Each structure stands twice: as C-alpha cells, then as structure tokens.
Amino acid sequence: MRLRLIAVGSRMPKWVEEGWHEYAKRLPQELSLELVEIPLNTRGKNADVARLIRQEGEAMLSKVQPGERIVTLEVHGKPWSTEQLATELDRWRLDSRTVNLMVGGPEGLAPEVCARAEQRWSLSPLTLPHPLVRILIGEQIYRAWTVLSGHPYHK
C-alpha cells in the first residue's frame, strides 16, 4: 500500500523532517509513506491569493495519477478517532489504490482539489501549524497501523 502526503510548503526545519522520517521509517515495507512537497508561492502585499491557491492546487493534482484516491485534510472535514483512522487505513489497503493525503497552504486547498476528494479528514477544529501537521499525520498513520497489527504502541 502506498500513502503519499502531498503538502504545500518546503524547506521545513530539521526537527520537522526528523519527526516525519521517524514515523515513516517505523512502518512496514508493505505500507510506504511518502512526502511530496509543493513549493509555496510567494505571497506579497498585493498578491492575487486566489490565483496562487489555484496554481498550488494544479501543482498538487499534477502529482496524482488517474484512479488514485484523494483525501483532503481540511477544517470542515470529518474528524476520525484513532480507531476510525485504522478502519480507513484497512479499507484503503483492501482497495489497493495509492492514497494521496492533501494539505494546502496557509489559505487552504484549491476548490479543484477539494472537488476531487473522495474523503475529507479534519485533524482538529484548531488551526494547526503546517510543519506540525506533517508530523501529526505521520504519527497518526503509524498509530493506526499499530492498532491494525496489534502492536502495543497505541495502548
């Protein structure tokens, strides 16, 4: 099974990269977790933010192959408990398609990305810093896998 986090933003601090890689490497070989970074467009005082979001969305969608699943991470998505995420992870595994978890930039996701989503997931009603979201997703995917495999990490 292949999971990809497609996230707007690059050049994260070292602690973010280390946190992400720590959880990604804990997963078994048959569950790969990859990170695809989309460069954040420069936002100036007079920037056309709608155009920038649209461009970022196009760049995100260009990384998705036909038939792959898109799951957006957004504040208005559905909150999942760890057990619910484990159930989704198991469904995705049985479906055998690549799953693309999409995280937008500071202003969120392009409408075109949201329109392609098969599922919408909310990590929290709180506004979370994007660097932390990467680590949180990695940890939660790892935790969901431990639930499915009976590993004691989740207890």
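Note: Cβ is positioned from N, Cα and C throughout, glycine not excepted.
Feature list (source: Swiss-Prot):
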- L73, G104, L123, S124, P125, L126, T127, L128: S-adenosyl-L-methionine binding site (BINDING)
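The structure, with features from Swiss-Prot marked on it.
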residue	record	CB count, 10 Å
L73	S-adenosyl-L-methionine binding site	23
G104	S-adenosyl-L-methionine binding site	24
L123	S-adenosyl-L-methionine binding site	18
S124	S-adenosyl-L-methionine binding site	10
P125	S-adenosyl-L-methionine binding site	9
L126	S-adenosyl-L-methionine binding site	7
T127	S-adenosyl-L-methionine binding site	7
L128	S-adenosyl-L-methionine binding site	14
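When secondary structure is read from DSSP and collapsed to three states, L128 (S-adenosyl-L-methionine binding site) falls in the coil class.
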